[in-house]
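Here is the structure we will look at, set down as structure tokens.
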Amino acid sequence: MESQDLPECPVCLQPYDGECTIPRVLACGHTVCESCLLNLPKKLPGAIRCPACTVLVKYPPEGPTTLPKNIDLLRLIPGGSENPRKPVYKSKNVSNLPFLPRSWSDEFYSNWKSYLLRDDTVERDQVSLLPVGSFSSGGEDGSLFKAGYLVRVMDCLREMKEEERGELGLVLRAFTKQNCRICRVLGLWGDLGDGVLYLASEKQKRGNFLDKNLGCFEKEGVFNFALMGMEMCEAVISLHKEGLIAGCLSFSCFQLDDFGHIYLDLIEVLLTGRGIQDVVANVGFSGKKIGDGEIRMLFKDLLKRDVFVCPEVLLKLLEKEGTGVECCSLKYPIRYSSDAWLLSCILLRIVNGDVFSDEWVEYMCHIIVKGSENSEIDCSSVYTSSMEKVSSLLGTKFGAECVSLQQILCKCLDVDPESRSLVVDVWKCIRELVIRPQFDKMVKLDGASYDENGGRCMVVGKLCLLSRERTETQEKDELQGKEANGATDMVNGLTEGRIKWKDLQGHLDCVTGLAVGGGYLFSSSFDKSVKVWSLQDYSHVHTFRGHEHKVMAVVCVDEEQPLCISGDSGGGIFLWSINIPFGQEPLKKWYEEKDWRYSGIHALAVSENGYLYTGSGDKLIKEWSLRDGTLSGTMTGHKSVVSAIAVNNGVLYSGSWDGTVRLWSLSDHSLLTVLGEDMPRAVSTVLSLAADQHTLIATYENGSVKIWRHDVLRKSMQIHNGAIFTVSLDGKWLFTGSWDRTIKAQELAGDDVEVDVRHIGSIPCDSVITALSYSEGKLFVGFGDRTVKRIPVFPLPGFKTSAC
């Protein structure tokens, strides 16, 4: 045999030699070299995953030296004895059909995830809020499905236009971190009460202060004025650094913190912008031209609110409304210097009070109504006259030493944005009132980008238009009676309670189990029967009778000879054929050894290699051959009732009232590890288990759920207000039913290191949920009030899913 044909370790790929690379045989039958076994990750005590088949196998505490050597490989004898009981594992047919079709992808979710605030983290009076969208508030009495907070917020984001999301994302990326003189944006918060999605930011405790200081600054207050003006300029410069132009400002946009420092509140800037748009919309209507009277009324209205807007922004807003201005042909672009106009207006109004307001109205009316390419001289004379009055007012307050400040503030009010000073220049001029230039060599204000092609004006952007556009759309839909169709109609109907589930009635007592197989739904009950329902029309097809005790569990074997298996509280195990015509007698039946001290069978599971496993009141897990009903093995270790069992990937999982979950090897029945030994038994009784691929779910009496992935506990959470009696896991979809009469739907995402549990929604019910089964987009629910119900079928029309 050539060297390349020698058997080698599947991990390090080194040929076995018996000295350096010693082959050791694992319980699953595969061989791995001794040195690799020493280095394999041991996530569970006493167990490892075979690197060849990924089956969880027992690992001796003494190390790999106690495992048997593979003598056959060392002798290069082909073939080898396989464990005759080694299961043949099949990959589970995982359904990719979603319970509730999402309108957003995982990539979309990951882009927005970090900006979403929890629904219980925001107090309205502690933050500034800007409505950016709306969703169904849910929670109405009679609703079938209450979509979770995450689903409503993500759907709301997905329904936004691309431009709206782009602008919202820009604000979030730029200002969720702390910026100089700008209130930090906290993120997006959905109010489940009013069904509105808000952009939330910090609110300074001292609030607005400017309106309380109008006209109060005299010559001796010039330094206070300078410090205040500098910080206002710094706030606007921080905005410019992120490529944003305010376009409008009001007194309410500036907030004072506990230390007397000024911050710009972006939410107030956007709310001010919406207010200006409302005023503009009320002045005229599309196709109409307005004159001096309407413009004068508009500016007086804005001044009542202490709101300032520059000429080019106002004309842009009028243009967007389709409203023209008589005799005006000014066409100036919006630039960063547009914000210099606003700051100049605010600073002059603070100093001069209402006197400046009257002068400002006259000046604005003149340049907008009479300004045109043919009247530059007239506008220039009006500008000169107005600025002389402004300078005189400022000089009266602060004296001759503020001449440079007078000049730069007047320059900021030039009708041509290109001729105005930048905010940085205003900051430097004001700073000279506090620190003389010769002593101010340590500070440089760099970093503000004034690429005029890159600035985005907030007041004419989508975030300011969002509220009106959405209101108009909603009104239009209501007038037209617009209704969605296809998938949208189905989803909306589900969340609004317009779609009712299908009731399957017939049991005389509490439903204990559900199983799907062979084209049928099977339900077991305390009434000692198993009912068979058609998956085509959900009609009752047959009833299996014969149990003398309460039927506690039911499972299906969907193989060449499909079987339904039921177990009762008296220890009886019945195998039923599900071939038509259904028989009145079971194919086989047998009983556990009877003992009056114990409560019979509590749980059932089947493996792919033809064995049935039972969890019982006698604290044992038993393995039975489906061929002849013989007992082929017993697993001991639990200290109380074995309440739940599950089989997956060569491992049997058992949960007990003792609060532990034990993992057993199917090949030799050896105990692999124990989970939950450190939990207090009083609060950790295991009630149900579900396993799928490398994920294990356990639910508990106290309403909590624990999730293991790749043998490591990744998530523990309290999701119900009572015992969780049943769980169903299919791929990434997790469903739980509880004593609190609620079904919770979760979506599992993330990777092997982190599990992200996304709450999809909840379904309030009229009775305790005792059984769940999710299969191929159908959710079946068993209740304590004797009924079985079916949730509407998905995928919906127009919704594409990947093949199962």
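In case you wondered, yes, glycine gets a Cβ from its N, Cα and C as well.
Heads up, TrEMBL stuff is auto-annotated, nobody curated it.
According to TrEMBL, the domain 'RING-type' annotation covers 9-54. Residues annotated as domain 'Protein kinase' in TrEMBL: 130-434. Taken from TrEMBL, the feature repeat 'WD' applies to 504-543, 635-674.
Residues 549-558, 562, 564, 566, 568, 576, 578, 582, 604, 770-773, 775, 778, 780-790 of the same chain lie 6 or more positions beyond the ends of the repeat 'WD' (504-543) yet place their CB under 8 Å from a CB of it. Summarised as a single figure, the pLDDT of the domain 'Protein kinase' (130-434) averages 81.
Residue counts of the repeat 'WD' (635-674) by helix, strand and coil are 0 helix, 23 strand, 17 coil (DSSP-based). Per DSSP, the domain 'RING-type' (9-54) is made up of 6 helix, 11 strand, 29 coil.
Broken down with DSSP, the repeat 'WD' (504-543) shows 0 helix, 24 strand, 16 coil.
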